[in-house]
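*Asks:* TrEMBL lists these features:
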- 7-28: transmembrane segment (TRANSMEM)
- 40-63: transmembrane segment (TRANSMEM)
- 75-98: transmembrane segment (TRANSMEM)
- 104-124: transmembrane segment (TRANSMEM)
- 145-163: transmembrane segment (TRANSMEM)
- 285-303: transmembrane segment (TRANSMEM)
- 323-347: transmembrane segment (TRANSMEM)
- 354-371: transmembrane segment (TRANSMEM)
- 377-398: transmembrane segment (TRANSMEM)
- 410-428: transmembrane segment (TRANSMEM)
- 440-462: transmembrane segment (TRANSMEM)
């Protein structure tokens, strides 16, 4: 029952968070010139990259290790805060240089606002780890939901006062500050840091964290390399359209991935001593992730033009050009990669994640630099093709080696749902049900029902064991 409640609250929090994120992007894209959003996208990329390293990756060590002391908690907290301050100062100091390199006048101001976020991110990590370790996932979801709502209300007020496109960044700062205050107030006393420092386990935490932070920063640069490179080779307007499309297609992942990550980290950490139980948990996570991503991205791609018009207006319809290849890329990436993070963190093998991300970063760098010369559309398509090839490597390097999943188990867990989505779409096209596709609501409802109906029939007939049974 605890897992179901945790998943339900995280799903609710992430759905509202996704809707808030889309609403914010929609408002900014309509209220300000698209070229300004192109500049804002660079600042958001910097935020995503440094956000992944602000706590030096040590917070999750508090979940991985069996016994934690007050000294270790305090050491991790203060080192994480100091790291956040350090990266914030570096970002603020480099802001004028980065702005000059891209020749974007507003970018320096945006980056200074972004830099203020990093100390908060560093501090939050310890309290989040405490909630995950103590299985307080429902509380964590409620805190995140409350923080997002407060941030969105602040965003609306700033838009009403016409404070500029930077209100998107300021709202994020308010979300982080609110989250830190509430997490501290609701945390157990054992996870409230003091000024006692312990050195016995800190070295292990640093090793664990440095591999994780190295992996995360490479991963974030890789994910955002397209925007960083395109900023040099395409006009700000084109970058704005591309960034709008990327922001939109990333929302389903932002809805599902935190749920898979947090619940998976908690469950995998508890099962790390039992390889068969750990393997089954990983397979279940892959299946759930596949079902959700397959259905959501299927409906998403089906109505991309109407979704773009609905959220960004007819004036930004060029965004639709990049939706299909980017959506396929994100779906392919997270079908196989969403479970890797919590798995390696739970079993303490962040070193494997680091070396994999280092290798794939070099591949990404080569593809992005070459394909970006031919425009944003060629770049997006190239990323999708490359990700499909890399998916097999993810299976070999992580799932087969770490938990012994064979190829048949992997393919049935990952690919069943996307293939079914394709046949559902083909079925509707064969029937020539034109009126189904005339509106977003009707197409999503009808295709979802048919998708789930086909899914249930095929599973019942061919592979009843595929049903994911969660012990409540």
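Glycine too: its Cβ is placed from the backbone N, Cα and C atoms.
Remember, TrEMBL labels are computer predictions, not curated facts.
For each listed feature, how buried is it and what is near it?
*Replies:* Tertiary proximity for the transmembrane segment (104-124) is limited to same-chain residues at least six positions away from its ends with a CB under 8 Å from its CB atoms, namely 36, 38-40, 42-43, 46-47, 50-51, 54-55, 77, 80-85, 87-89, 91-92, 94-96, 98, 165-166, 169-170, 172-173, 176-177, 179-180, 183, 231, 236.
Long-range contacts of the transmembrane segment (145-163) within the same chain, counting only residues at least 6 positions beyond its ends with a Cβ under 8 Å from a Cβ of the stretch, are 9, 12-13, 16-17, 20, 23-24, 27, 31, 170-172, 174-176, 178-179, 182.
Cβ atoms under 8 Å from those of the transmembrane segment (323-347) belong to residues 60, 63-64, 212, 245-246, 248-250, 252-253, 256-257, 260-262, 264-265, 268-269, 272, 278, 282, 285-286, 289-290, 293-294, 297, 300-301, 304, 307-308, 353, 377, 380-381, 383-384, 387-388, 391, 394-395, 398, 402-403, 414-415, 418 of the same chain, restricted to positions at least 6 beyond its ends.
Beyond its flanks by at least six residues, the transmembrane segment (354-371) meets 211-212, 214-215, 218-219, 221-222, 225-226, 229, 378-379, 381-383, 386, 390, 393-394, 397-398 of its own chain at Cβ-Cβ distances under 8 Å.
Listed as Cβ neighbours of the transmembrane segment (377-398) (distance under 8 Å, sequence separation of 6 or more from its ends, same chain) are residues 226, 230, 242, 321-322, 325-326, 328-329, 332-333, 335-337, 340, 343-344, 352, 356, 360, 363-364, 367-368, 370-371, 405, 407, 410, 414.
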*Asks:* Short question: which residues 6 or more past the ends of the transmembrane segment (7-28) have a Cβ under 8 Å from it?
*Replies:* 37, 40, 137-138, 140-142, 144-145, 148-149, 151-152, 155, 159, 165, 167-168, 171, 244, 247-248, 251-252, 254-256, 258-259, 262-263, 311-312
